[in-house]
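Before any comments, here is the structure.
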Amino acid sequence: MMRFSSMLVRNAKLCANVNQMQVAAFSSKAPEMIKIEKVGEKQNVALIKLNRPKALNALCAQLMTELADALEVLDTDKSVGAIVITGSERAFAAGADIKEMTNNEFATTFSGSFLSNWTAVSDVKKPVIAAVNGFALGGGNELAMMCDIIYAGEKARFGQPEINIGTIPGAGGTQRWARAAGKSFAMEVCLTGNHVTAQEAKEHGIVSKIFPADQVVGEAVKLGEKIADQSPLIVQMAKEAVNKAYELTLQEGLHFERRLFHATFATKDRKEGMTAFAEKRKPQWESK
């Protein structure tokens, strides 16, 4: 009951200021390391900006907790149809906070909750778009790859340099690179720590589109607006179906897709979409 009441308070505070959501309180105080606002013509896209400029948005525990809390609230906000995560022009996120991790030991790292809230991005049911400028390295690269779609600036740089400091990626880098770009390229990235240009990342299926640096966020928001204009329920089903391609065999995936396709025929939005198409009008979605 306490958790439910807390969520209500957080939702109310998050939505209090539509144009500039300086989120009031995810815990006991306003977030310090992220900025949030609702953007777009219909204010239906949430823009989260990582805000540790002096540290090139290094992903410390506090930042990741604030991000996880924000995503939890936004995922239940019916006025938000898509979420964009971005950093600065110099860095989306230059990696995890190495100083914070230096003195960690195996026992506490393995048995504790270290990195546990990093799954928040991939757990979100709504589409999440990464708008990447500058460096997206280590944990920053992994954060971008947790998102559903990546738009990148022309000078963006991706990579997993953990090998250079005596460790390996720990938030999905080895797995997501291999699934997206294949074993050979993933091995090169993870075993050398080499940076990957935006164009190389696009060629290997990591990045969807590339834009001039000053257009990346705007284009990501436009994409978010287009997605937010669709049925939220059907968007969620489509996202789930695509993600299953990484977990299931082809036959299992085809079966899963078919079942979800059949399930759309139990929704009001499928009926409305097809009726609106036949009547040559814009559908009015209910997310039911």
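A Cβ is built for glycine as well, from the same backbone N, Cα and C atoms used for every other residue.
As recorded in Swiss-Prot, the features of this protein are as follows:
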type: BINDING; residues: Ala96, Asp97, Ile98, Lys99, Gly139; note: substrate binding site
type: SITE; residues: Glu162; note: site 'Important for catalytic activity'
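Locations of recorded Swiss-Prot features on the structure.
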| residue | record | CB count, 10 Å |
| --- | --- | --- |
| Ala96 | substrate binding site | 27 |
| Asp97 | substrate binding site | 19 |
| Ile98 | substrate binding site | 15 |
| Lys99 | substrate binding site | 10 |
| Gly139 | substrate binding site | 28 |
| Glu162 | site 'Important for catalytic activity' | 23 |
Filter the binding-site residues Asp97, Lys99, Gly139 down to those whose C-alpha lies within 10 angstroms of the C-alpha of Glu162 (site 'Important for catalytic activity'); answer none if the list is empty. Gly139
Pairwise CA distances across Ala96, Asp97, Ile98, Lys99, Gly139 (listed as binding substrate) top out, in Å, at 14
Reading the DSSP string in three states, the entry for Ala96 (substrate binding site) is strand
